[in-house]
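Novice: For reference, TrEMBL lists these features for the protein:
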{"type": "BINDING", "residues": "Cys23, Cys47, Cys50, Cys56", "note": "[4Fe-4S] cluster binding site"}
{"type": "DOMAIN", "residues": "22-80", "note": "domain '4Fe-4S Wbl-type'"}
Amino acid sequence: MTSSTFTTAFPFPTALAADLLPCHEPEAADLFFSERPADLEQAKVLCTGCPLLEECRRGALERSEPWGVWGGAIFDAGRIIAVKRGRGRPRKNAA
């Protein structure tokens, strides 16, 4: 496994190591910025219990993050949305 350096828009408390946060796992970017709704839901679960959850969400709102999961919430066009719809046309319901 390789080591990567991550930066965030907010400082980490001195008692908290960045590498302990689930969003700083090397594979996490694929989940937190995925196009697949199931991946985004999994990323939201990883945020549960994070000591920076509220600060992360607040920072993302202030920066109007264009997409991704921030602070346990899905962002799209700088706003929090409840769920992300999958790509393509929605399926037709059987009549």
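Placed from the backbone N, Cα and C atoms, the Cβ positions cover glycine too.
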Novice: Run through the domain '4Fe-4S Wbl-type' (22-80) and tell me, per DSSP, how many residues are helix, strand and coil.
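Specialist: Counting residues by DSSP class gives 30 helix, 10 strand, 19 coil.
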Novice: Quick one: mean pLDDT on the domain '4Fe-4S Wbl-type' (22-80)?
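Specialist: Mean per-residue confidence for the domain '4Fe-4S Wbl-type' (22-80): 91 out of 100.
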Novice: When you average the Cβ positions of Cys23, Cys47, Cys50, Cys56 for the [4Fe-4S] cluster site, which other residues in that chain have a Cβ within 8 Å of that mean position?
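Specialist: Same chain, not in Cys23, Cys47, Cys50, Cys56, Cβ within 8 Å: Leu21, Pro22, Leu46, Leu52, Leu53, Val69, Trp70, Gly71, Gly72.
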Novice: State the count of C-beta atoms found within 10 angstroms of the C-beta of Cys47 ([4Fe-4S] cluster binding site), not counting that atom itself.
Specialist: 20
Novice: Fewest other C-beta atoms within 10 angstroms of its own C-beta: which of the binding-site residues Cys23, Cys50, Cys56 fits that?
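Specialist: Comparing Cβ neighbours within 10 Å for the binding-site residues Cys23, Cys50, Cys56, Cys50 has the fewest.
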